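Asks: After the structure tokens below, expect a handful of questions from me.
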Amino acid sequence: MSRYGRYGGETKVYVGNLGTGAGKGELERAFSYYGPLRTVWIARNPPGFAFVEFEDPRDAEDAVRGLDGKVICGSRVRVELSTGMPRRSRFDRPPARRPFDPNDRCYECGEKGHYAYDCHRYSRRRRSRSRSRSHSRSRGRRYSRSRSRSRGRRSRSASPRRSRSISLRRSRSASLRRSRSGSIKGSRYFQSPSRSRSRSRSISRPRSSRSKSRSPSPKRSRSPSGSPRRSASPERMD
């Protein structure tokens, strides 16, 4: 939930200079007199401070006025709004700062003699956070730039390789198709005239030789008796 109430004021109160044996019940009894509470949180490491959150910012302001400098949990506490000063518009004059008290403790480290905005631990945390944020931002920018460059290089290197491989495949397939079609046409459909003539001659020659061998030999004239005719010799004249 928001730390600001419906009237726009601060609802969380800082309680400083608490003893090590401060209890949650004592704080609730002391601050609930001014209004209903939301949460009560007591620091343990380092100890010495607490935060009390009200439901209404006006109750928080009343608690600051009534309990600041009072003895709670066996020690004189310092009570103020968690921002250190009440919320104001930009046209209001900044209120006068509270005079420094050497007995006040810092709620960041628990030591006396300074406040949280002057704490060396708080300054270190702010520096480490700013450095980590700047480092992460620069790292993210470098990573995004290197990634975009690598993508551009990959796309450039991949496109000529793909185009070359595709052109080589197409040329090879076209040459194979041409060679196959040429061999089929030459073997089946397109024969040279010299081959056809030689085949026709080789086929016709044995037929002529067979016809000659089968043709009957010249017939000899025979007599009806079967013996060859002889010319009659002239009869002798006795």
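Every residue number used here counts from 1 along the chain in the order it is shown.
Backbone N, Cα and C atoms are what each Cβ position is placed from, and that goes for glycine too.
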Asks: Pick from Ser146, Ser157, Ser198, Ser231: which does Swiss-Prot describe as phosphoserine?
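Replies: Matching Ser146, Ser157, Ser198, Ser231 against Swiss-Prot annotations yields Ser231.
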Asks: Give the range, chosen from 36-52, 104-120, that Swiss-Prot lists as zinc finger.
Replies: 104-120
Asks: According to Swiss-Prot, which residue among Ser123, Ser138, Ser175, Ser194 is annotated as phosphoserine?
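Replies: Per Swiss-Prot, the residue annotated as phosphoserine is Ser194.
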Asks: Take the C-alpha atoms of Lys24 (SUMO2 cross-link) and Ser32 (phosphoserine) and report the distance between them in angstrom, rounded.
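Replies: Counting only the Cα atoms, the answer is 12 Å.
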Asks: Among the recorded positions Lys24, Ser32, whose Cβ has the fewest other Cβ atoms within 10 Å?
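Replies: Result for the recorded positions Lys24, Ser32: minimum number of other Cβ atoms within 10 Å at Lys24.
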Asks: Looking only at the region 'Sufficient for interaction with NXF1' (81-98), what is the mean pLDDT?
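Replies: Here the predicted model's pLDDT, averaged over the region 'Sufficient for interaction with NXF1' (81-98), is 56.
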